[in-house]
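Pulled from TrEMBL:
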ACT_SITE  169  active site, nucleophile
BINDING   197, 198, 199, 200, 220, 221, 222, 223  substrate binding site
């Protein structure tokens, strides 16, 4: 029937993942990938799958998105998110949003219920209200860890740059059985960032890009560097020139490193169902499911493989 085999790839952020958080990061990306794959397996859309996977990580305090987001200089959570449909290049994004649990849901609504692509701050807030998205108290999103790190970064001799290496933007890309691709990315941004700072995540072509003609990608890492090279679009450009997802990802990451000194990570799926998870940082938590096989890792060269059935069993037993 010429139906595609569905594929999903997710990342939980590139940077440095502290030993005591590895377990949680691995479990979190695996859970997200399995959830997204569950939707694809039932014939669901790539769009629904990436939204579901990202929502799962927004709800997980191990990641810098939704609950667990880092704090800005004033000690508040301000979040950015984007989603994109490879079929018609429709996209929806929100930036600097506060007091909602799942910015990715709001980004999807921007895409589907407005003529616009990006809503920010109080405009996004009014739109969320109009759409009936429940508002939650800001402190509900703040974990003890984010709070401690924020305080540490306020100390006169602190170096927030040092802590920003542990970034944790989350993202997902997928191809569904119809051959449509999609991407989604969500983040709390940089620790102790200026109020109103928006990074790459909400910017189309930087934080993510999806086009059925080539594939889909979601990025993570130093936002300003990613924006300078428009990383997500750059990767797809290389694929349009005939590179494999892995080669395209490495070439683009290498360019970002040599040209602007920026480090990051990316996940990619091509329109033929090939995938890659690559990074120039020390680590990036990632997971993918293809052909009912789950693959996941955190360190360069690390790749575990399990059957989906086996993974779902240990998932229900709580790892």
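Including glycine, each Cβ sits where the backbone N, Cα and C put it.
Long-range Cβ neighbours of residue 200 (substrate binding site) (same chain, at least 6 residues apart, Cβ-Cβ under 8 Å): 206, 207, 219, 223, 224, 226, 227, 231. A gap of 13 Å separates the Cα atoms of residue 198 (substrate binding site) and the residue listed as 'active site, nucleophile'. With 197, 198, 199, 200, 220, 221, 222, 223 listed as the residues that bind substrate, the site has a largest C-alpha separation of 16 Å.
Fewest Cβ neighbours within 10 Å among the binding-site residues 199, 221, 223: that distinction goes to 199. Sequence-distant neighbours of residue 169 (active site, nucleophile) (same chain, 6+ apart, CB under 8 A from its CB) are 11, 13, 14, 64, 65, 185, 186, 187, 201, 207, 219, 220, 221. Counting neighbouring Cβ atoms within 10 Å of each of the binding-site residues (197, 222), the lowest count belongs to 197. Cβ neighbours within 10 Å of residue 198 (substrate binding site), excluding its own Cβ and spanning all shown chains: 22.
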